[in-house]
Every structure is written in C-alpha cells, then in structure tokens.
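This report refers to the structure that appears directly beneath it.
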Ligand code: GDP
C-alpha cells in the first residue's frame, strides 16, 4: 500500500517526506523495504502497542507500516510532457492514494513558482495536470472501444460511460466525484486507474505559529478547507519544518516540545494515521512475550485471510480465532481474566476482523 506525496515545487514536500522517513520505521526490520531514496517505509503510530507490550512483557514491538513516495517535479504543463512530467504522472498512477501538500505559509525567502502564495490556485494547477492526463487515457480507450461499439452491446455501454466521464473531467471535475450505481460501470471505472479517481488528503503546510489553533486563523487554510469539502477530502494542518525538527528528538523530548507548541500529537502522526484509514486499512494485534505486533488488513477481511498475513499455514489450517477487544483486555489485566468475564470470543471462518482485535489463531499444521 503506497501513498504518493505530490504538490508544486517549493511547497515543502521533501521536508515532509524527510520527517516522515526519519520518524519512520527502522528499515532493517522491513526487508521488503527498497533502497529507492524516494520511497519511505513509515511506522503507523499506535499507542495500543506499547500498552499491550507492557502487559505481556514483550521483547519486541512491531508496528504496522505504510509506504510513502516523494513524487517531486509535478509542474504546470506536466501532462504535456514539460519537465519530466509524464514520468511523474506515471509514478502517481502506481499509488493507492495521494497526499497533496499545499503551501499555506508566507516566507519571502522561499520562492513560489507562481510568484505568490495562493493554495487554491496551486491545487487547481495540480488537479488540472491530473485531469489532462486522465482525459488522455479516456481518449485512448474511446478510440479502442469505438470500433467495436457498433456490434457489441457491452462496448457500446462502455463507450457511453467513457463519453460521460470525459465530459465530467472536461468540466474541471475529478473522477472521484463521478458517481455511478451501475456495477459494470464501477468495474470499468476502477480498471482505468485514473489519477483523479484516487483518494486525496491535503496537507496544509503552515508556519509554526499557526499550529496551536490548527490553522483556524490562517486564511489560506480556510480556503483549502472550503475547497477540500467540495471534493470530499480531508485537510491536515502541519508545519513540515517543525516536523523535521521533531523527528530528530527522543521520545520524551518530543512530548515536551509538543506541549510547548500547545498540541497533543504531531501533525505528522495524525497524517500517517489518516493515510492508513483512507487506504481502507485497519490493524489487528497479536501479543506475547516474544513480540507485540500490529498486522495490516483491509477493512472487511475475514479471520482466515487475516491469519494468512502472519503465515499461509495459518490460513490453510485455520480452525478458529480467539478474539478479545484490545480495550477489554487492558481493562481486565490479563487474557485469563478476560476469559472469565466472557470477553474472549471463539470465532470461526466467517468472522470479520475488527480494528483493535487482539487475536490468537488456532490452526492445524
Ligand atoms: P518541495 O520542493 O515541495 O519538496 O519543497 P521543500 O521541502 O524542498 O521546501 C522548499 C523550501 O521551503 C525549503 O527551503 C524549506 O526549508 C522551506 N519550507 C518547507 N516547509 C516550510 C515551512 O513549514 N515553513 C517555512 N517557512 N519554510 C518551509
């Protein structure tokens, strides 16, 4: 699961990416982590893990992770091949969701590519490039489907969808706001893998002073919030520069630093958690003396497939899952006490795993 960080040049993408990866997972723990400097494997902050680990005296704690990709170089004209435009657009096509960084800080020392700070104009510039690129994809598909559409009902139906979708985009709207209840259409739509069909989170990059009230007194942030509402996106207020400083601190120093700033949680942590959710991911937990660990699954995953994340044998030989809610377990103080209170469920293969389930799988080998 991958998120791409996009935005115009000089808005703070690299600064954000660096703080993400610095605060992030020990890459040594994650052998699948590539050495690509633009890709970072980032731990998802989850305070439940430390508490569970304390209960079980776990030697090791392993958080869930997600990948962030720094997609620099998206500029006006990218869809027409300006700069390395098309390459960057191809990179965006590979991600599952987008973090769109927008500049909401004034600083005469940091040049703006369009001469002034105007986040909505910036967002529209990027959106337009993505829209152009999507229209190109639709046009290619239209050319292909048109030939068969005369004699083939399915292709005729798809052609009709393509034309409607293209019109939608030509009005400057995003594919994600295009709604259809028709199942064929939904399937085609997801098959096109349109850039503007991907979920977006806006990261409003503000000055340090604007953190305490979460950007409420920053007019740029207000503009971004209004805009985001229309396309159904969330907005997170961060100060990339401060995040970079925070990322270098030890855990207890970090707490004090955040208190001084008047915030409980760093913007980065909120952003990572929101990214995890926007990807439709949840965590179930396993805990014992050797390790307490969060396992990433898609919402709606059933117990055997969730077990398969640990090992394929767990899925194949699945018998049942012993499940207790994380908070219930902590309240009871031990799994034995939770069992006595009837809070540990014995669940079968149709059980849909919930976020925060602490699970012990029983299986045949
Ligand atoms: P990118 O081109 O989007 O990757 O932008 P960078 O991360 O390289 O940042 C561009 C410049 O803006 C750098 O000089 C950063 O130090 C500066 N910058 C980034 N975030 C902030 C911020 O929150 N406040 C201020 N004042 N400057 C920032």
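Every residue gets a Cβ built from N, Cα and C, even glycine.
Residues or ranges marked as domain 'OBG-type G' in TrEMBL: 1-258. Taken from TrEMBL, the feature ATP binding site applies to 10, 11, 12, 13, 14, 15. Residues annotated as domain 'TGS' in TrEMBL: 280-363.
In the structure as shown, the Cβ atom of residue 11 (ATP binding site) sits within 10 Å of 26 other Cβ atoms. A C-beta separation below 8 Å, combined with a sequence spacing of at least six in one chain, links residue 15 (ATP binding site) to 240, 241, 243, 244. Secondary structure of the domain 'TGS' (280-363) per DSSP, as helix, strand and coil residue counts: 24 helix, 35 strand, 25 coil.
The ATP site is defined by 10, 11, 12, 13, 14, 15, and by the 8 Å test on Cβ atoms against their centroid, the other residues of the chain that qualify are 7, 9, 16, 101, 103, 205, 240. Listed in sequence order, the residues of the same chain lying 6 or more apart from residue 13 (ATP binding site) and placing their CB within less than 8 Å of its CB are 5, 6, 7, 70, 71, 72, 101. Over the domain 'TGS' (280-363), the average per-residue pLDDT in this prediction is 96. Around residue 12 (ATP binding site), the same-chain residues six or more apart in sequence whose CB sits under 8 Å from its CB are 101, 103, 205, 240, 241, listed in sequence order. Figure note: comparing Cβ neighbours within 10 Å for the binding-site residues 10, 14, the maximum is reached by 14.
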